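Reviewing the structure listed below.
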Amino acid sequence: MLTTTFALLTAALGVSAHYTLPRVGTGSDWQHVRRADNWQNNGFVGDVNSEQIRCFQATPAGAQDVYTVQAGSTVTYHANPSIYHPGPMQFYLARVPDGQDVKSWTGEGAVWFKVYEEQPQFGAQLTWPSNGKSSFEVPIPSCIRAGNYLLRAEHIALHVAQSQGGAQFYISCAQLQVTGGGSTEPSQKVSFPGAYKSTDPGILININYPVPTSYQNPGPAVFRC
């Protein structure tokens, strides 16, 4: 009986430590963000080769609305509840081809470029700036072309990443309309799946012991104007 109780308590604590990424700006949950498959159970993607590594969508349908943001500004992305596990936040953009609907575009192919990543503070343990936070300011590059975009939010939890397949990916995709901007086309684009391997040093890593003295973020370099 005690064993059963302990197992149930452990499972409950595990779920409560998970989170979703459901909202951008001043909108409501899942208004501008495509409803993720973890919207009820706060689960995660564990397979970097899964189609779910792209936007982790519960259904093929897009979100109800599109959030407007000015190039060169920032947009706030919200977690619910706050980020609990150690690991980096990363954000990618993908421009929707002209003539296609942002609400139905899948984001397939080498169309994603990274706009933000974070490095940990090194010491007795690795501490990422996102830990304990529930909102993040995502920079929208000033030089990119105006148009509709998908903004992919990703938190990679590394607390059990010492074994292959142990990293946990918390993901969602927001629908944006970017206004203003310039004419620059980012050259270093990746696809999801395809951008990561389960053996990448920023994915397969023991952050507990010995404590690393460096960290290599997975994916391409951050695009800068």
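Think of each number as a place in line: the chain as shown, counted from 1.
Using N, Cα and C of the backbone, Cβ positions are placed for all residues, glycine too.
Annotated Cu(2+) binding site per Swiss-Prot: H18, H85, Y170, in sequence order, evidence recorded as similarity to another entry. A coil conformation is recorded for H85 (Cu(2+) binding site) in the three-state DSSP classification, outside any helix or strand.
In the three-state DSSP reading, Q168 (O2 binding site) counts as strand. Cβ neighbour count for Q168 (O2 binding site) (all protein chains, 10 Å cutoff from its Cβ): 19. The O2 binding site annotation in Swiss-Prot covers H159, Q168.
Annotation source Swiss-Prot lists disulfide bond at C55-C173 (among others), citing similarity to another entry. Close to C55 (disulfide bond) in the fold, though at least 6 residues off in sequence, lie R34, A36, G107, L150, R152, I171, S172, C173, F192, each with a CB less than 8 Å from its CB.
For C143-C225 (among others), the entry in Swiss-Prot reads disulfide bond, with the evidence type similarity to another entry. Secondary structure at C143 (disulfide bond), as computed by DSSP, is coil. The Cβ of C143 (disulfide bond) lies under 8 Å from the Cβ of A71, G181, G182, S183, T184, C225, each on the same chain and at least six residues away in sequence.
According to Swiss-Prot, the feature signal peptide maps to 1-17, an assignment based on sequence analysis.
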Cβ neighbours of C173 (disulfide bond) where a neighbour is any other Cβ within 10 Å: 26
